[in-house]
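Presented below is the structure to which this report refers.
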């Protein structure tokens with residue numbers, strides 16, 4: 001039997017370079033995704049749907065990537081919320097990667113909303129560092145759009161508030177709070193400086209296109225508060241930091 005000669009294929013310099021570039025690109029992408037997965041937001045009011053600060057084999061880059069509510073199903077622990085709108089408080093700096101971010105707060109109608117097509121507000125935050133940092137941002141009164149209030153909802157209806165945190169790398173992190181609309185103020189948990197305050201080291205500003213007025217959808221004061229100062233005016237904050245920063 002004749003011996004079959006063996007052949008040793010040597011990659012060309014061009015193919016080696018291409019392979020190296022592809023591997024570097026893949027490594028960079030994985031590092032970026034790991035960085036993205038570390039960015040999270042926590043809702044402190046209304047009651048958070050559940051802890052989704054979780055990374056595991058099912059969610060290798062973190063649960064909060066999952067639309068619409070970070071992989072958490074609706075809860076029975078619903079907070080009563082005024083028909084015209086209520087407070088939302090959040091902590092944007094739990095993990096690294098959120099020195100700057102866009103925050104979107106949306107409303108979904110129903111027991112388990114499939115979409116959150118009613119925007120309530122959006123704003124831009126600038127934290128003290130790109131590493132994890134404490135601090136809270138709170139809006140004491142977010143107005144429900146008039147068309148929704150007058151035709152879509154009534155006292156006793158269920159809904160969910162969605163908070164989306166979009167970091168500078170473009171990734172969106174999703175969290176939700178479940179609510180019940182009510183026209184009875186006695187059922188609504190009190191909103192005061194203990195659960196709704198703004199930490200002084202987190203700068204908040206409005207988001208709008210040049211030549212258009214700032215979004216004032218969150219400028220309506222809570223009952224009993226004087227005036228209609230804009231939350232994003234640096235001279236006005238509805239609640240000041242009380243030192244209870246987590």
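Here, residue 1 is simply the first one shown, and the rest follow in order.
Any Cβ shown, glycine's included, is placed from N, Cα and C.
Matching 179-212, 213-246 against TrEMBL, the residues noted as region 'Disordered' span 213-246. Mean model confidence of the domain 'Copper acquisition factor BIM1-like' (38-201) amounts to 88 (pLDDT, 0 to 100 scale).
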